[in-house]
């Protein structure tokens, strides 16, 4: 028994060696055929002969110059295409089927199956060829005809009805070349040209590397077919075509699947990642994670001014405002910037066209998004709501400012004068100027000083701006923007277009309406007065109210020593009494005024 087993093992090993040797010879023969096919294709393209060297040589191929044989381009193109099909078959084991308009690649097993059942669809092939429908998802519902449907060169319309197809090309043998059955000669030669390397898509300047007929612009290849041979649960094979390289939105054809996916991104507007805190949606998970940091309590603190930021990148950008000197000033409004690029971006606001005007107030905007945000202030529409107290806001910036001022847990910076607390050091510094009277911002035109940069900008625009084109016919006051004029004219007409949805009270401006809703109709007012029991939304409002009971006047004027209960009263006093530059004087009595509107109001007394 042992001898028989040993002999059996020896025989098996011999068969295995013989099989390996046959495979090696077959592989060697395949490589030789590929080399021959490639050299023949080079000859057809260039008309020059190349002789392959043996392995002992330096490598490469010998160039045998010869006479260039002029042949018809169409014949050369056909033969080159067949050579390419043979090379593809040798490399991938796939057979190319070509119709008038489409190139489809099948594996050898699939091709054998189609050849074996050719009689099932031979009658359909004899019909007059019709044009292919654009590629779409095939939903053929009659399972009894699915096999025949699949074999009819995968052609169907959206309703599930079979489409008569043109004859398909038989696979050329690996060792020879036969004439192609489906050629472009059956179509007008001026409309169709086959080029195995490049094809110019209509509407573009550069050729696209696609192998196929240019008469019909939709291409199908191995990568275009999503699942064209997918058996279902019943074992019946259904065919489904998806043209992934043609965009359904703009009907654009792309050469690579990666280019198609990149091109499709702007068309995809689905935002499947939503924030559990505020409900805002995002298109990717990274954007959602960045957004969720704004809800977390952890903030990155600026050591200079105490301002907090959700991300380190925003903190780094903010730090540059402390480090850089602002050398670049705008010639229009005199605002200074630390970078030339920031100045250039700002100057666009003065020069760009603003074709979109608000129907309510006449203010113009450059983009539709800016107009939409502005119109919310006119209509009272509020999309952004606070998850803590439910308060709604017209813009996301207003919501963020509200959350930082009201709901932030830590307010480490407190005022020693009035006890008011702030979340940022910069706000504390700005607040303390109301007590000390420090005004670090001075106007270069008239020398007037201001406590904040926003007040200085407002002063320049109202007093020193030359290009004031909007004039009030009632009081003679000039305005830089039409929206400012419209808002000002309401003081003369008494118009109040903004009404409260709760009590119906009307207001002239949207800011007055918002202040009314916060003070009167908001449900949560945590700060109450111990004297009269009145409730307030903010601690600052409570402190200001308590001064009416105590008579405290912490804000005093450095010029005359007069005291005031609020900083607003102090500012109004300084402007009316101690302002040195009063440009507008009365011709009747010689009295001077700071603003033209005050002079016009004074003229009425004469």
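Easy rule for this one: first residue shown is 1, then count along the chain.
Here the Cβ of each residue, glycine as well, is placed from N, Cα and C on the backbone.
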* Asked: Which is it, of 144-175, 176-207, 208-239, 240-271, that Swiss-Prot names as region 'Disordered'?
  -> 240-271
* Contacting positions for the zinc finger (555-578) when only residues 6+ beyond its ends and CB under 8 Å are counted -> 434-435, 437, 544, 547-548, 594
* Residues in the zinc finger (441-464) grouped by DSSP into helix, strand and remaining coil -> 12 helix, 4 strand, 8 coil
* Asked: Between 0 and 100, where does the mean pLDDT of the zinc finger (441-464) sit?
  -> 78
* Structure fact -> If one takes Cβ-Cβ under 8 Å and requires six or more residues beyond its ends, the residues near the zinc finger (527-549) are 405-406, 418-421, 518-519, 565-566
* Structure fact -> Counting only residues at least 6 beyond its ends, the same-chain positions whose CB falls under 8 A of a CB in the zinc finger (584-606) are 462-463, 472, 475-478, 575-576
